[in-house]
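Database features, via TrEMBL:
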type: TRANSMEM; residues: B:6-27; note: transmembrane segment
type: TRANSMEM; residues: B:48-72; note: transmembrane segment
type: TRANSMEM; residues: B:84-110; note: transmembrane segment
type: TRANSMEM; residues: B:122-142; note: transmembrane segment
type: TRANSMEM; residues: B:148-169; note: transmembrane segment
type: TRANSMEM; residues: B:196-214; note: transmembrane segment
type: TRANSMEM; residues: B:226-248; note: transmembrane segment
type: TRANSMEM; residues: B:260-286; note: transmembrane segment
type: TRANSMEM; residues: B:306-323; note: transmembrane segment
type: TRANSMEM; residues: B:344-362; note: transmembrane segment
type: TRANSMEM; residues: B:382-403; note: transmembrane segment
type: TRANSMEM; residues: B:410-430; note: transmembrane segment
Amino acid sequence: MEIKVCGPDCAKCHETERVVREALDEAGVTAQVVKVSDFNEIAKLGVFTTPAVVIDGQIKCSGKTPTKKEVMAWIGG
Amino acid sequence: MEWQREWKPLALMVVVFLAVYHLPVGIPRFDNAIQEALELVRWYAREHVLLCLIPAFFIAGAIAVFVSQASVLKYLGAGANKVLAYGVASVSGTVLAVCSCTVLPLFAGIYRMGAGLGPAAAFLYAGPAINVLAIVLTARVLGAEMGIARAVAAIAFSIVIGLAMHWIFRKEEQEKQLAQAAQPQVESSRPLWQNALFFGAMIGILVFANWGGGEGGGFWSLVAAYRWWLTSLLALLLGIMLMFWFGLPKGQVLLAGAPALVLALVFPSQPTLAFIAGFIGLSLLLGRREDENGTWFKESWDFAKQILPLLLLGVLVAGLLLGRPGQEGLIPSEWVSRAVGDNSLGANFFASLVGAFMYFATLTEIPILQGLIGNGMHKGPALALLLAGPALSLPNMLVIRSLIGTLKTVIFIALVVVMATISGLLYGALF
């Protein structure tokens, strides 16, 4: 599973990355977490609003920091 | 020692040491500037944080959660009606650009996968100027007139800039292959009119709590006399809406509102106490929830956490350099009035150009501008700076360049500077 966290270096984007990593830890799921901060790359993924979480090419959320519960549900933990 | 790695802290140490070594303590201008900085910070803390910024953070948080961004983005997508796209792009900053870090990704998205260069440029120009927090604080600190002028000019000129960008690069735009952006589907949990009343009540609380000017008689002073009654009435309505439309437990809402009511009855001469108690109650009510009401609080808190430290720093710097209105800081008033003291073309152009290149952290443009006006800056150049400032800065120019190339970036900057200059000239001449 590949998880992309999209967003420039802003507070909410770091928060999102932290939430995703913590959710992975707690669920005991291993996945590759990639931080995407280049705007061109973000646009190519089809993401309009950041922070966004893209799991295996599918946009799970965009424009807000997800809660740990939501991330758990996406990664099936 | 690893010089390649250690030279940075060394250089920093030398710079800090030299600065401290030559610290001009005791020189009247410097000592006075420190005093001014502290006085200005205190003034902001007393006048603007409790009644103005705190409700504004809650409104911004509510916008982020309860206003469906997808429904706005629909009008900026690839298949969108082009005429409509410009209009939506110019005003959607109120809803979409509440956080400065969302402006550039959205710009990239609209340009690459959405309505194209024109609407993207319109959004980039207007977005930062018309977000709720910016308008509220501008109106509060610099006067309602300036707040309205800022919003109206930003919206009007963003459309002009967008159309100009589209027209200049119209050939390229036609050839561009558009990739469709995925639109997140968001279901709305309550009808539009309920949301509208909810936001109306909150904006009303913000407006009435800050209603100033009891002098002169007439409508303004009548409202000023009853402002706390109006604020309380709206707070009551807000509580009722939270109970019935937002699914919050009725008992808890009553419990959260009770301290505010008690304080209002016991200390009727200190309405701020009840006001603060109301917001603490609201925070406790929302803060522990997991649903969208919880997210509302979290978003509001995120805004506060992100913006307050920067604003504090900005106020300190503005106070240090420029002093409070009517006072001097480190920079002599004479310099300011010589450079931008009148409404000439040169002054407006200078203000626009400086604003375009300078970096302002969210909202810090306001204390800085307040200082400049206090030192004799004319209203025209002030508006010019306010328009060119938050939309552009040297760092974000570099990002924009990586997205749309050098030529388009240069033309965009030129358009922003020219438009800001014209808006400043017009405003300065009219008011």
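Any Cβ shown, glycine's included, is placed from N, Cα and C.
Of the candidate ranges B:122-142, B:226-248, B:344-362, B:122-142 has the most C-beta pairs within less than 8 angstroms of the transmembrane segment (B:84-110).
At the 8 Å Cβ cutoff, the transmembrane segment (B:122-142) and the transmembrane segment (B:382-403) share at least 3 close pairs (sequence separation 6 or more) and count as touching. Contact counts against the transmembrane segment (B:48-72), taken as Cβ pairs under 8 Å, peak for B:260-286 among the stretches B:6-27, B:260-286, B:306-323, B:344-362, B:410-430.
By the Cβ criterion (distance under 8 Å, sequence gap of 6 or more), the transmembrane segment (B:382-403) is not counted as touching the transmembrane segment (B:6-27), fewer than 3 such pairs being found. In this chain, the transmembrane segment (B:410-430) lies close to the transmembrane segment (B:148-169): three or more C-beta pairs between them fall below 8 angstroms, excluding pairs fewer than 6 positions apart. Within the chain carrying the transmembrane segment (B:306-323), a Cβ under 8 angstroms from the stretch's Cβ atoms is held by residues 32-34, 36-41, 44, 53, 57, 99, 133, 329-331, 336, 360-364, 367-368, 370-372, 374-375, all 6 or more beyond its ends. Same-chain neighbours of the transmembrane segment (B:260-286): 50-51, 54-55, 58, 209, 228, 231-232, 235, 242, 248, 252-253, 293-294, 296-297, counting only residues six or more beyond its ends whose CB sits under 8 Å from a CB of the stretch.
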